[in-house]
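**Q** I have a structure here, written as structure tokens, and I will follow up with some questions on it.
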Amino acid sequence: MAPEENAGTELLLQGFERRFLAVRTLRSFPWQSLEAKLRDSSDSELLRDILQKTVRHPVCVKHPPSVKYAWCFLSELIKKHEAVHTEPLDKLYEVLAETLMAKESTQGHRSYLLSSGGSVTLSKSTAIISHGTTGLVTWDAALYLAEWAIENPAAFINRTVLELGSGAGLTGLAICKMCRPRAYIFSDPHSRILEQLRGNVLLNGLSLEADITGNLDSPRVTVAQLDWDVAMVHQLSAFQPDVVIAADVLYCPEAIVSLVGVLQRLAACREHKRAPEVYVAFTVRNPETCQLFTTELGRDGIRWEAEAHHDQKLFPYGEHLEMAMLNLTL
């Protein structure tokens, strides 16, 4: 295989691997590129490699997605193969049969591969979906912020980090594994999301602060219930963060006002210490919402500047979405 062709195949396999482990929508997979390669070769090795990068991946075997998702993926893979080759590939049907025989769990997993060779895995109970929270979803801005953090570890090394609206915990878990913070505080107002967060912290080999058997080389990790509207200075002063982060929390005008308010109270808690650095990442869905955020910041005397856009390198998120991140000075 020519070097250019080999590089293209590796890129294709990586695309399938990262999207499948992260349980991205099937339409986001590089199906057209796969079909083109299948037409150019009668060899079934590529499909076998895709199976090893997806349903047979060690991370998937340990922390599988839902049976339904795996079945839909394999069905689509078989369809693409049959559209090009008349001879069926027994291995595809064997794996599909194994998937159909598997018992559906109440937990589904999404995994994100890290540049260190490790991964972050999120376990999500289907029971949470019906309770009206957004914490079950891993928003694209959380992936964008996590990727930025991994590229800029100096912002977090040996520092105390407070995350507002942690949701499933992807960003914080990536920072804890890759950026060596001294302490990390996950926070969210919803009790069901907090329960999920604690489970994901433990699932990824980290210990909660109350666990005296924790790894001394790992950051001190806390999961805190924090409602921006009712949190008083005495509660916020216990955190004493050096860095505050938030991703995709600008979803309505009320949330924006609440966010700016809690940031002001956090700054007041630092007394004679330097105010924390603040990074807020978001997907630009509605320019008016972004304008409202910067207007509210200006009204409260909070300066801001946009961080330079970074290219997608590690995590699979919407390629055509407009992402932004602001660095705030409290």
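Placed from the backbone N, Cα and C atoms, the Cβ positions cover glycine too.
Given the structure is predicted, the values throughout are model-derived calculations rather than measurements.
Among the features that Swiss-Prot reports, N-acetylmethionine is placed at Met1. Here Swiss-Prot flags Trp139, Gly165, Ser166, Gly167, Trp228, Ala247 as S-adenosyl-L-methionine binding site.
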**Q** Among the binding-site residues listed here, Trp139, Gly165, Ser166, Trp228, which has the most company in the form of other Cβ atoms within 10 Å of its Cβ?
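**A** When each Cβ's neighbours within 10 Å are tallied, Ser166 leads.
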**Q** Tell me the coarse DSSP state (helix, strand, coil) of Trp139 (S-adenosyl-L-methionine binding site).
**A** coil
**Q** Using a 10 Å cut-off, grab the number of neighbouring Cβ atoms around the Cβ of Gly167 (S-adenosyl-L-methionine binding site), all chains included.
**A** 27
**Q** If you pair up every Cα among Trp139, Gly165, Ser166, Gly167, Trp228, Ala247, the residues annotated as binding S-adenosyl-L-methionine, what's the maximum separation in angstrom, rounded to an integer?
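**A** The two farthest binding residues have Cα atoms 20 Å apart.
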**Q** Provide the number of Cβ atoms within 10 Å of the Cβ of Ala247 (S-adenosyl-L-methionine binding site), excluding the reference atom itself.
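**A** Cβ-Cβ neighbours of Ala247 (S-adenosyl-L-methionine binding site) within 10 Å number 29.
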